[in-house]
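Feature annotations, courtesy of TrEMBL:
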DOMAIN    2-155  domain '6-phosphogluconate dehydrogenase NADP-binding'
DOMAIN    161-280  domain '3-hydroxyisobutyrate dehydrogenase-like NAD-binding'
ACT_SITE  Lys167  active site
Amino acid sequence: MKIAFVGAGNMGGAVARRLATGGHDVHVYDLDPAAVARCVDAGAGAADSAEAAVKDAAVVVTSLPLPDHVRSVWGDLIPHLAEGAVGVDVSTIDPATADALTAALGDAGHAFVHCALGKTPAAAEQGAIPLFVGGPADAVETLRPLFARMGEKTYDFGSPGAAAMFKLVSNMIGMTNVAVLAEGYALARRAGITPDMFSEALRDTGAFSFQSDVRLPWIVAGDYAPRFGAALAAKDVRLAVDSAARWGVPTPVAAQGLSQLVAAVAHGYGSEDVVAVHKLVAPTDTAPADKEERS
C-alpha cells in the first residue's frame, strides 16, 4: 500500500520516517530537499512534485504549517487522488478547516481523517506519541495498522473537527504553561534559587508538568533550537482563542499567554523554540544584591 506524504517538516518528517523504517511504502514530497533527503535515508521514496507523490497512493498525508496551506494543497491534490484513496491531515488546524476538508474530499468521493499528533518530534521518531483522530469509522479502521506504527495510543474523537479542536486545546494549555514556566524560572533565579534546586524541587510540586519536564532543561541551558517554533506556538494558541471567541467561551488566561508568544515573535524569536519566551523575562541579575545564591 503506497502512502504519500506532502510535507515532511519536524513532525511530518518524523512520522514519515517512522512508517518507512517499519516497512511501509512511503513516498515524500516537500519544498525543502533536505527534509526529503532525511526521509529517503530512512527508506522512503522521493517525489518530484506533490502530484507525483500522491499518484496511485492509497493513503495521502499532509503535514503543513498553516491551515491556509492545508486548504490550498488539498485543493490542488484532490483531482489527482486515486480512486478510494483516504486523505489524512496531521497538521495542527482549526475545526473549520477540518470541516472544509471533510466536505471537499467527501464531494470527490474520498474519506478524510484528521490525525493530530502529540508531544515532540523526538518522540514521534520513536513512535512514542499520542494520536488524536477523527473521521469515518471505516476509514479510521483502515488506518489502524499505520496508527499502531506511528504512535503508542490512538484517541478517536469521532469527527475531524473534534480531533482538531482537542489538539488546539492541548497546545493552548501547553504553550500557556511554557510562558508562565519561563516567568516562574526567571523569578526564582532573581530570588537566588539555583537552576538545579528549582528543577529538582519543582518536580515535587503540583506545578510540575510535561512542559517543565521536557522544556525546563532547555530554558536552563539557553537551548532555543526549534523543536517547536514560537511562531507556530503563537499560531496554534491564536487558532484556539479565535475558536473560543466564535463559540462564546472566554479564554483570558490563554489570551495573555498568546500575547507573550506574539511578543517573542515580534522580538525576532519566532523561528526559535517556544522556550525563547524566556528571553522576554530573563533577569539580568540572578540573585538579590544583599543575599547569596541559594543552592
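Placed from the backbone N, Cα and C atoms, the Cβ positions cover glycine too.
Assigned with DSSP, the residues of the domain '3-hydroxyisobutyrate dehydrogenase-like NAD-binding' (161-280) fall into helix, strand and coil as follows: 91 helix, 3 strand, 26 coil. Averaged over the domain '3-hydroxyisobutyrate dehydrogenase-like NAD-binding' (161-280), the predicted model reaches a pLDDT of 97.
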